[in-house]
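**Q** Quick one: the structure is below, questions incoming.
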Amino acid sequence: MVYAHNLGFPRIGIKREMKKTVEAYWRGEISQQQLQQQAIELQLTNWKIQAEAGVDLIPVGDFSWYDHVLDMAVRVGAIPSRFKALNSNITDTMFCMARGQAPNGIETSACEMTKWFDTNYHYIVPEFTTNQSFELHHDDLFKSTKLALENNYRAKPVILGPLSFLWLGKCKGESFNKLLLLEKLLPVYAEIFEQLSSLGVEWVQVDEPILVLDLPPEWQQAFLTTYQQLNFFNLKCLLATYFGSLDDNLSLTCQLPVDGLHIDYCRAPDQLDSVLSQLPAEKILSVGIIDGRNIWCNDLNRSLTLLENIQSSLGDRLWVAPSCSLLHVPIDLDQENKLDVELKSWFAFAKQKVAEAAFLTRGLREGRESIGAELKKNEEVIISRKTSKRIHNPNVEKKAASVTERLMRRQHEHSIRKNKQTAQLNLPLFPTTTIGSFPQTSQIRCLRRDYKQGKIDDALYEEKIRQEIAEVIGIQVKLGLDVLVHGEPERNDMVEYFGELLDGIAITSNGWVQSYGSRCVKPPIIFGDVSRERPMTLRWIEYAQSLTTKSVKGMLTGPVTILAWSFVRDDQPRSQTAKQIALALRDEVQDLERSGVRVIQIDEPAFRECLPLRKAAWQDYLEWAVKCFRLASCGVKDETQIHTHMCYSEFNDIIEAIAALDADVITIESSRSETEILKSFEKFAYPNDIGPGIYDIHSPRIPRVAEIEELAVRALQYIPIERLWINPDCGLKTRNWEETKEALSRMVDAAKHLRKAFSSEKTPTIDLELQPAST
């Protein structure tokens, strides 16, 4: 029989119960027993939603209090030694690995965090050593599976496969071949399968998303040997791939001794024919035909026709599913009561997406007439979207068509610009700055909420925001920072804020998705041509600059990041949408410069995460991404200093594209990787200024002055002294004021020590063996 199933459901809860509960636990306001009870309630709710929608096989084990990769590391005992001695409680150990701090107050450096493939979700990077051992450590998966079965759900446990787990991890200390760990790791996976089998489970979903990447031959071979060795203890295994095409890994994937294969049709429709021709006759094919990464409703008529053709070849060996876990979309469109009615009809969130999968499955089982009403209603929606006049703006399209190469070049090269900027800004050696946002207190969040709900008027809102900006400027001046920011109190999110002010973009009320841990974001929905009617940031920056003689940065989010962190229209190339955003930002940049702003930051933290997963497609992306940044940033004079910021980036393979952005200063997130990212600059002479993040803002832990100095001096191995900036590694929005002021005070102290050590002597007086790079 054709089944409807799902790869994973959002964890956060319809009202973000997960966030509220886990943060209460971190604050010591609830017990661990209360924490676990909330986990049970959230999972039961998720399973009920899916079952009532008509999903046959319910994913179990997709819930996590922080991150599923972290859960897998803890489950198999891959707990770094620095955490083992700190916490006997496995839950607190997990939180300490993620945050550097457990609820019991014990601190150490957190594990590294990076992006999950090309999504905006972050995972905690497993750490492996040459003497790594593994053992079954955590029973959360088994408890959840038992709970689902006891509640009469047909449970399909979901785990990250052994090869993807190793690939996504990192060698700590001495480098070695991670594949050597398989011998110790596979017996633990076998234990997991044995316990699941003993519970009466029929199917297990093993996620191996790295099969859509360019894999070295030894990793391809490892798939064959690994899955031949794995003992599933009579469980049926659905091997799940997503985010791209199997491509050159298709043949080996079809050889693996598993019972079913899931493919992502939405991201890689061209692979379908090859998969059908190579799939062994006994295996299930799960077709991910519902887009798990975007919010547009499915064209059910078109999808059903495609699935009917597949069914004619496979019969009951066909399953229907979303393309990937629904972790990446909001939970329930029914919670949106402020969206424009026509726009809302075009959307589908997680609850609606599992219903779409169930509708299609019923159509395959019982014939089209069984879902005739749904098909008719859906067809009306699809036609409405295609013919709506609100999508296209002739003025925007004309402006985009008139863009020339000249608009994407600064007046002179960076060396000339730097001399002019140095004369104008009068900055010291090792200039200090922050990335943009400052702590957002509950009072600020309540202020914005009350303003949006009409509880306070424009005048009171303006007064309160100005008070906050004045306080932030005053704190920075007192701390001794060199280039200031206004703190962004008016912004709820660095992308959503601009989405609210740009035409062609819709904002939801409850469209939350998980970014990392308890942090949730509400991605804007780009439904049509994008344009700017009026300045978006000018009044706040002008006010902030009026309070100080020091430079205050204009703060913008770049075109690629707005694109990456939004749900994007799928009726034109993403590059065209990015160009429209860039043109809107260019107007804002020029308005800021005309008002006297001397430093403008255009954040592109998503620049690398948007890289296609296959290298063959990189060049095309990098070309249009660089052009869009330059289109946004190059309309200013030489004297205006352009900054950009990037997160979680490995620069080695795209360093030339980073340089091609031609930002005067780039700040990068590097503290958790212990400045390993800076090795990118070892062989490539990056010509512009760099500010490597020298303390981790994602952890509540406050670094010592000596730690900051050490990281800065390490950076000098790769960056000439006159080009090195001192800054945190990301915005400070999620930290509290006490942490922020103390950490920044230590950062400024470290910069002062560095100036003293390097300004008057050829060799630093700081007691470190590292020597600075030459110019």
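The backbone N, Cα and C atoms fix where each Cβ goes, glycine too.
When I checked Swiss-Prot for this same protein, it listed these features:
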BINDING   Arg16, Glu17, Met18, Lys19, Lys115, Arg519, Cys520, Trp565, Glu609  5-methyltetrahydropteroyltri-L-glutamate binding site
BINDING   Ile435, Gly436, Ser437, Glu488, Asp603  L-methionine binding site
BINDING   Ile435, Gly436, Ser437, Glu488, Asp603  L-homocysteine binding site
BINDING   His645, Cys647, Glu669, Cys730  Zn(2+) binding site
ACT_SITE  His698  active site, proton donor
**Q** If you count CB neighbours within 10 Å, which one among the recorded positions Arg16, Lys115, His645, His698 has the smallest count?
**A** Arg16
**Q** According to DSSP, does Glu609 (5-methyltetrahydropteroyltri-L-glutamate binding site) fall in a helix, a strand, or coil?
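**A** In three-state terms, Glu609 (5-methyltetrahydropteroyltri-L-glutamate binding site) counts as coil.
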**Q** What does DSSP call Met18 (5-methyltetrahydropteroyltri-L-glutamate binding site) in the simple three-state scheme?
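**A** For Met18 (5-methyltetrahydropteroyltri-L-glutamate binding site) - judged by DSSP and reduced to three states - the answer is helix.
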**Q** Relative to the Cβ position of Glu669 (Zn(2+) binding site), how many further Cβ atoms are located within 10 Å?
**A** 24
**Q** Can you give me the Cα-Cα distance between Lys115 (5-methyltetrahydropteroyltri-L-glutamate binding site) and Glu488 (L-methionine binding site) in Å, rounded to a whole number?
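**A** Checking the Cα atoms of Lys115 (5-methyltetrahydropteroyltri-L-glutamate binding site) and Glu488 (L-methionine binding site) gives a distance of 24 Å.
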**Q** Please report the Cα separation of Arg16 (5-methyltetrahydropteroyltri-L-glutamate binding site) and His698 (active site, proton donor) in Å, rounded to an integer.
**A** 20
**Q** Return the count of C-beta atoms lying within 10 angstroms of the C-beta of Met18 (5-methyltetrahydropteroyltri-L-glutamate binding site), excluding that atom itself.
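**A** The Cβ of Met18 (5-methyltetrahydropteroyltri-L-glutamate binding site) has 23 Cβ neighbours within 10 Å.
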**Q** Using Asp603 (L-methionine binding site) as the reference point, find which of the recorded positions Cys520, His645, Cys647, His698, Cys730 has the shortest Cα-to-Cα distance to it.
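**A** Nearest in space to Asp603 (L-methionine binding site), counting only the recorded positions, is His645.
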**Q** Please give the greatest C-alpha separation between any two of the 5-methyltetrahydropteroyltri-L-glutamate-binding residues Arg16, Glu17, Met18, Lys19, Lys115, Arg519, Cys520, Trp565, Glu609, in angstrom, as a whole number.
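**A** That value is 28 Å for the farthest Cα pair.
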**Q** Among Ile435, Gly436, Ser437, Glu488, Asp603, recorded L-homocysteine binders, what is the largest CA to CA distance in Å?
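**A** Among the residues the record ties to L-homocysteine, max Cα distance equals 13 Å.
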**Q** When you measure from the Cβ of Cys647 (Zn(2+) binding site), how many other Cβ atoms are you left with inside 10 Å?
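**A** Other Cβ atoms within 10 Å of Cys647 (Zn(2+) binding site): 25.
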**Q** Taking the Cβ of Glu488 (L-methionine binding site) as the centre, count every other Cβ atom within 10 Å, in any protein chain shown.
**A** 24
**Q** What subset of the binding-site residues Ser437, Glu488, His645, Cys647 lies within 10 angstroms of Glu609 (5-methyltetrahydropteroyltri-L-glutamate binding site), using C-alpha positions?
**A** Cys647
**Q** Please state whether DSSP places Cys730 (Zn(2+) binding site) in a helix, a strand or coil.
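**A** Once the DSSP labels are grouped into three classes, Cys730 (Zn(2+) binding site) ends up as coil.
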**Q** Nearest to Glu488 (L-methionine binding site) by Cα, among His645, Cys647, Glu669, Cys730 (binding-site residues)?
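**A** Nearest in space to Glu488 (L-methionine binding site), counting only the binding-site residues, is Cys730.
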**Q** Measure from the CA atom of Ile435 (L-methionine binding site) to the CA atom of Met18 (5-methyltetrahydropteroyltri-L-glutamate binding site) and give the result in Å, rounded to a whole number.
**A** 28
**Q** So among Ile435, Gly436, Cys520, all listed as binding-site residues, which is physically nearest to Cys730 (Zn(2+) binding site)? Use the C-alpha atoms.
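**A** The answer is Ile435.
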**Q** Cα within 10 Å of Cys520 (5-methyltetrahydropteroyltri-L-glutamate binding site): which of the recorded positions Ile435, Ser437, His645, Cys647, Glu669, His698 qualify?
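**A** The recorded positions passing the 10 Å Cα test: none.
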